[in-house]
Amino acid sequence: MFKKFFKKNQKEEIQEEVKEVAVSEEAVQEEIVLEENEEVKEETVETIEEVSLDTSIEEEVQLEEKPQVDEVVEKEEIIEDKTEEPKISLFERLKQGLSKAKQGITDRVDQVLKSYTKVDDDLLEEIEEILITADVGVDTTMNIIEKLTDAIKTKKITNPQDVKGELRLIIEEILTNENSTLDVSHKPTIILMVGVNGVGKTTTIGKLASRYKKEGKKVLIAAGDTFRAAAIDQLEVWAKRSDVDIIKHQEGADPGAVIFDSIKAAKARDIDLLICDTAGRLHNKANLMNELSKVFKIVDREYPEAKKEVLLVVDATTGQNAVSQAKSFKQVCDITGLVLTKLDGTAKGGVVLAVKSEVDVPVKLIGVGEKIEDLQDFDAKAFSEALFG
Ligand SMILES: Nc1nc2c(ncn2[C@@H]2O[C@H](COP(=O)(O)OP(=O)(O)O)[C@@H](O)[C@H]2O)c(=O)[nH]1
Ligand SMILES: [Mg+2]
């Protein structure tokens, strides 16, 4: 059993390393693409990045070649087309977004349950293995299996088919958290979006700005990621799209100064909600964390009347890396909620459980696609229903 774990974990570690390399190669590639095709929209470049993030190494090699402008335009058109789709319910969207995760967890659980005629240790061991390989994390998996064993005993479950319902209840219970709603009803509210590069901070800000603007709120966004000019431009595209104001400085400017000016503007313009972007990539980790602390100090000093939400964005496709990122950010910032993006791109949806239980911060939002409606409030019941339904 443990040998099996060990092998699996090793394999996962290697996979993660490969992914990390892919991400840094991708960062270089992104810069090249931007330099050479300045007129190409950031958004489109990001789409290609996203594709490369999910592809295997062999495909990665092919993607390293600079995309032709024509190809880029074609991809952009596809994105535009997608937004024209007829409206479907949020739950349907969630289900669609979680279809890979469903394949990675529920469908495999179903297969195992079908192959057993009685509930025994072997069956539980197979479920344990599925959960671990779906990035639920060892500790959380052990906890789930323990609860499942208890439920099987107390409810005298003998039919393997009844195990699934119990598993769903346990998962729902783990994911349930009273503070999981992103509450922006206080005026003013400031949201600080933090997280490493590429996880989806800027996209999430754009989606949130659009959502709250539609709800009739006065929204302002702050381009606090001054590390690259492209990051500022990308946020500006979102500001235009959502029809909200943006405060920005030049590339390389002090992020603290951007936040300072944004707070001043928010007060002068009687803003309901100020959403701030932050850099996810500085020269080193200590630098990044120092910069963030400076920004937090400015917010506390200059905007004490605002309700502060610090949302840490993590990318679900990075699996256990998402958990370790959450742990390191938690050491320097008072994270009030997690945003788990790109759940649509992974069969390892179990990472939601791992971050929730290992980091002990409520998951407030999940991203199940690239469209505005694909950023959803996290609802433990709907999530487990979409996964197991
Ligand atoms: N499939 C998918 N892609 C996403 C999601 N959220 C963000 N992305 C993509 O992830 C990429 C990086 O996002 P970005 O906001 O620039 O990340 P940042 O560096 O943290 O600001 C972009 O291509 C986004 O479109 C999501 O929920 N699903
Ligand atoms: Mg960004």
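Just so you know, glycine gets a Cβ as well, placed from its N, Cα and C.
Owing to the predicted nature of the structure, the values given are computational and were not obtained by experimental measurement.
Annotated GTP binding site per TrEMBL: 195-202, 277-281, 341-344, in sequence order. The annotation domain 'SRP54-type proteins GTP-binding' is assigned in TrEMBL to 362-375.
Annotated features taken from TrEMBL, shown on the structure.
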residue	record	CB count, 10 Å
Gly195	GTP binding site	24
Gly198	GTP binding site	23
Lys201	GTP binding site	28
Thr278	GTP binding site	26
Arg281	GTP binding site	15
Leu343	GTP binding site	25
Hits among Gly198, Lys201, Thr278, Arg281, i.e. binding-site residues with CB under 6 Å from ligand 1, come out as Gly198, Lys201
Of Gly195, Gly198, Lys201, Thr278, Arg281, Leu343, listed as binding-site residues, which ones have a Cβ less than 6 Å away from ligand 2?
Lys201
As a quick check of your reading of DSSP, tell me how many residues in the domain 'SRP54-type proteins GTP-binding' (362-375) are helical, how many are strand and how many are coil.
3 helix, 6 strand, 5 coil
What is the average pLDDT across the domain 'SRP54-type proteins GTP-binding' (362-375)?
91
